[in-house]
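Database features (TrEMBL):
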| type | residues | note |
| --- | --- | --- |
| REGION | 1-24 | region 'Disordered' |
| TRANSMEM | 66-83 | transmembrane segment |
| TRANSMEM | 116-136 | transmembrane segment |
| TRANSMEM | 156-182 | transmembrane segment |
| TRANSMEM | 202-221 | transmembrane segment |
| DOMAIN | 256-308 | domain 'HAMP' |
| REGION | 407-438 | region 'Disordered' |
| COMPBIAS | 412-429 | compositional bias 'Low complexity' |
| REGION | 452-481 | region 'Disordered' |
| COMPBIAS | 456-479 | compositional bias 'Polar residues' |
| REGION | 501-541 | region 'Disordered' |
């Protein structure tokens, strides 16, 4: 590589141009684009919307065309004005100044978006400049006839800046001005020598030029508008095609995602149906499948809860069966209790042993075993349980009565017998009852005694049930009240003196073993001063 060479070089040591033509063209294009954008920013209205509609785009295009036409006309006016100044035609400078003023005012209206007013000002300025130059030139000469042809500039400006129908109005005004000027303005000597036929040609040429330019311009602009409409339509179709292509790709992508998501949901549903209810659908789907995934997860949760409830129900089955059995047993027990209550009241009213058949409730069997064969004695008003404040006095009176009975039992029985309820000897009925049943005077004669409640209580040794006269009978139940019983009589049956006036005491059962007697007796708990062993009759199981 040459060490004295300047400028950038290639890797192989050769020189290369730092500014190739493509780069220069790109820079120049950027500069022109920047200048054009700056000019548009100064002379056209700004669009605030990022995506303007078709009408706004059309107004922006018309405004930019107006600004470009005004710029070209301004440059042309300056050049013509400078040339007139060099030719010392100073009378035309005010006209060029008026034209520049109209162009500047037109730019202001164009920048505000009023392109029609700007176009009218531009066309009016052109008309005044050309007509003024003809009128201020003095006599109409042959060289001035060419200025009539410049009136087509106003028609061309009207084609660009004004509505299309205005070109015929401008052409009619220009033709009228040409005819009037040729007729009224004083002609020079060189024009007066022209024959009449040639004068008709002089009139017809500029007027026909205006008409031809107006017609051609109209059809040309009309065709341009149609072409622009077709181009716009093609652009719309192309944009729609692009939009359809984009939508097609989007739809295909959504379809692919939808099919994939549905297949995944089907797989999850198959897993949930076969074995696993703990699976869940992900919520990373699109909007169409997200709601379905949420519903699917909710359904799985409900199924899982139902499965758990079924397991709990299976566990609760034996318990419910046991509860039903207990409910049935409780119902049966309730009916049995009502039946036992009715039988107890009946036995209590008739003073018969409490008897009942087979019970339907196993829960009541122990209670029935304890109650069967026992008497249920009614309480009178006098025999009601004492109140709490009179317990001590009743206890003392009972003990005193028991002591009197014991003392009476300890007395010899050689004389006539007497009962606690009487003060004299035995009555005739008692003596007859004693002689008829084989009792001697040395024994206490059994008698039927009636307690305070009026219930008949048979005493021991009564011959009305079993046995021969003079022999003790094997009653299963007897109530020994202590009224008139002697110690010898109690000793004859192996009993001790009782401690209470109303005690149901078991008597010996001839022919029964000790085990049978133990099985046939039960003890009802009571206070320490009232103990009642109750036997079960032999004829009751």
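Indices start at 1 and increase along the chain as displayed.
In case you wondered, yes, glycine gets a Cβ from its N, Cα and C as well.
Caution: TrEMBL annotation is automatic and unverified by curators.
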Subject >> Close approaches to the transmembrane segment (116-136) from elsewhere in its chain (Cβ under 8 angstroms; 6 or more beyond its ends) >> reply: 66, 69-70, 73, 77, 91-92, 95-96, 98-99, 102-103, 105-107, 109-110, 144, 147-148, 150-151, 153-154, 157-158, 160-163, 170, 173-174, 177, 181, 185
**OP:** Using DSSP, tally how many residues of the domain 'HAMP' (256-308) sit in helix, strand and coil.
**Re:** 41 helix, 0 strand, 12 coil
Original post:
Excluding the flanking five residues on each side, which residues at least 6 beyond the ends of the transmembrane segment (156-182) place their CB within less than 8 Å of a CB in that stretch?
Top reply: 65-66, 69, 73, 115-116, 118-120, 122-123, 126-127, 131, 134-135, 140, 148, 202-203, 206-207, 210-211, 213-214, 217-218, 220-222, 225
Subject >> Overall pLDDT for the domain 'HAMP' (256-308), taken as the rounded mean >> reply: 81
